[in-house]
Amino acid sequence: MVFSNNDEGRINKKLPKELLLRIFSFLDIVTLCRCAQISKAWNILALDGSNWQRIDLFNFQTDVEGRVVENISKRCGGFLRKLSLRGCIGVGDSSLKTFAQNCRNIEHLNLNGCTKITDSTCYSLSRFCSKLKHLDLTSCVSITNSSLKGISEGCRNLEYLNLSWCDQITKDGIEALVRGCRGLKALLLRGCTQLEDEALKHIQNYCHELVSLNLQSCSRITDEGVVQICRGCHRLQALCLSGCSNLTDASLTALGLNCPRLQILEAARCSHLTDAGFTLLARNCHELEKMDLEECILITDSTLIQLSIHCPKLQALSLSHCELITDDGILHLSNSTCGHERLRVLELDNCLLITDVALEHLENCRGLERLELYDCQQVTRAGIKRMRAQLPHVKVHAYFAPVTPPTAVTGSGQRLCRCCVIL
């Protein structure tokens, strides 16, 4: 479209409303609000509900009160598909009831840290928001099993649910949830400390589409529960068991035999796991990309050898506090396909047997981006310097204890702390 110099009309008169709305749809909230102040015509365009399909209020969390959410819901109505109220501690049940009534097409709702909300909010969502697919209730500590019963009855399209740190949830709530929401693909239950193996049995029975499960710090879970999950959820790709300190190699065996698509395994602080379990896992789960084995204190270089042979896609590996790992294990890892092509992050802090020789081996890992070496007492500054000469892009985090100075005979000058070194 070409305009002559004599044209007096402004852009809002030259372009059709549909095209102007399309242009405005690319603007963020702040820019839309600024545009709304330009003129009456732009105010109408900027505040058109079709431009407010996705709203994230995290950056304004301290200023967001209930009335803000209510006004947004009235403005957006059925247009709104995605809303994040993460950290908006001033928002409560009453406002979210109004929101649910006005925004019945909402699909993605983040209420992480909205500590004022109770079961009442979940009842409202259940009643009015049947299209909800993604719901984050992290740290909504007043949520109980009643919420899960309501969600299961009214939000049957739910695919993602985060209940982390909702520590009133028990197996009864999980049973009610999964009976109604059988299409769940991701369920995050970090810090739900009352959950026991029976809860996992219910998940196994109904959630055959499950891809991601987080059980971090669910300390009552045992091998029996993990075995149940593995038998029913063969599509599992991401599993977090960190802090489930009762687990043994039986859990790894179940994963290896039943979950060949596994890509992410977090098993930090599972101190009973051994090389035998990880050997079977590695030989069957060739898609593994990320593993957190921090404080798996019984594993040795044998685990690294098996991962090197069978897991060519490995990108991130944490071996922090695995004190039996040596330079030889790092040699096998560095010479493997994953070492040459995929490895990006390696955490070796508090691996006391690691020396500068391991750093020489890691020079083969051309894609390495981050290396953690805190409290590796046999690693030297010189060794790190030599490695970084070959891998200049890698970020190395290391700690060197300061040399104890001799006792001053006279006077005492101010000293600088030079303990922590980020290289």
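Yeah, the Cβs are placed from backbone N, Cα and C, and that goes for glycine too.
Using a 10 Å radius centred on the Cβ of LYS201 (ubiquitin cross-link) and all shown protein chains, the other Cβ atoms total 19. Annotation comment: Swiss-Prot describes LYS201 as ubiquitin cross-link.
Marked as domain 'F-box' by Swiss-Prot on the basis of sequence analysis: 9-55.
What Swiss-Prot lists as S-geranylgeranyl cysteine is CYS420.
Feature annotation from Swiss-Prot assigns phosphothreonine to THR404.
Same-chain residues lying 6 or more positions outside the region 'Interaction with Calmodulin' (80-90) and placing a CB less than 8 Å from one of its CB atoms are 49, 52-58, 61, 64-66, 69, 72-73, 99, 103, 105-116, 136. The feature region 'Interaction with Calmodulin' is assigned by Swiss-Prot to 80-90.
Residues or ranges marked as repeat 'LRR 1' in Swiss-Prot: 61-87.
Residues or ranges marked as repeat 'LRR 3' by Swiss-Prot: 114-139. For the repeat 'LRR 3' (114-139), the residues of the chain that approach it from at least six positions outside its boundaries are 85-93, 96-97, 99-101, 103-108, 146-148, 150-151, 153-166, 188, judged by C-beta separation under 8 angstroms.
Within the same chain, residues 111-115, 117-119, 121-123, 125-134, 172-174, 176-192, 214, 216 sit at least 6 positions outside the repeat 'LRR 4' (140-165) and bring their C-beta atoms closer than 8 Å to a C-beta of that stretch. Residues annotated as repeat 'LRR 4' in Swiss-Prot: 140-165.
Long-range Cβ contacts of the repeat 'LRR 5' (166-191) within its own chain (Cβ-Cβ under 8 Å, at least 6 residues beyond either end) map to 137-149, 151-153, 155-160, 198-199, 202-203, 205-218, 240. Annotation source Swiss-Prot lists repeat 'LRR 5' at 166-191.
Residue counts for the repeat 'LRR 6' (192-217) by DSSP state, with H, G and I taken as helix and E and B as strand, are 10 helix, 3 strand, 13 coil. Taken from Swiss-Prot, the feature repeat 'LRR 6' applies to 192-217.
Taken from Swiss-Prot, the feature repeat 'LRR 7' applies to 218-243. Residues in the repeat 'LRR 7' (218-243) partition by DSSP class (helix H, G, I; strand E, B; coil) as 10 helix, 3 strand, 13 coil.
Computed over the repeat 'LRR 8' (244-269), the whole-number mean pLDDT of the model equals 98. Positions annotated as repeat 'LRR 8' by Swiss-Prot: 244-269.
According to Swiss-Prot, the repeat 'LRR 9' annotation covers 270-295. Residue counts for the repeat 'LRR 9' (270-295) under DSSP (helix as H, G, I; strand as E, B; rest coil) come to 10 helix, 3 strand, 13 coil.
Per Swiss-Prot, the feature repeat 'LRR 10' maps to 296-321. Taking H, G and I as helix, E and B as strand and the rest as coil, DSSP gives the repeat 'LRR 10' (296-321) the counts 10 helix, 3 strand, 13 coil.
What Swiss-Prot records for 322-350 is repeat 'LRR 11'.
For 351-375, the entry in Swiss-Prot reads repeat 'LRR 12'.
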DSSP-derived helix, strand and coil totals, residue by residue, for the region 'Interaction with Calmodulin' (80-90): 0 helix, 3 strand, 8 coil
Chain residues in Cβ proximity to the repeat 'LRR 6' (192-217) (below 8 Å; excluding those fewer than six residues from its ends, i.e. six or more beyond): 163-171, 174-175, 178-179, 182-186, 224-226, 228-229, 231-244, 266
Counts by DSSP class (helix H/G/I, strand E/B, coil) across the repeat 'LRR 8' (244-269): 10 helix, 3 strand, 13 coil
Beyond the flanks of the repeat 'LRR 12' (351-375) by at least 6 residues, Cβ under 8 Å: 318-327, 330-331, 333-335, 339-345, 382-384, 386-387, 390-391, 393-399
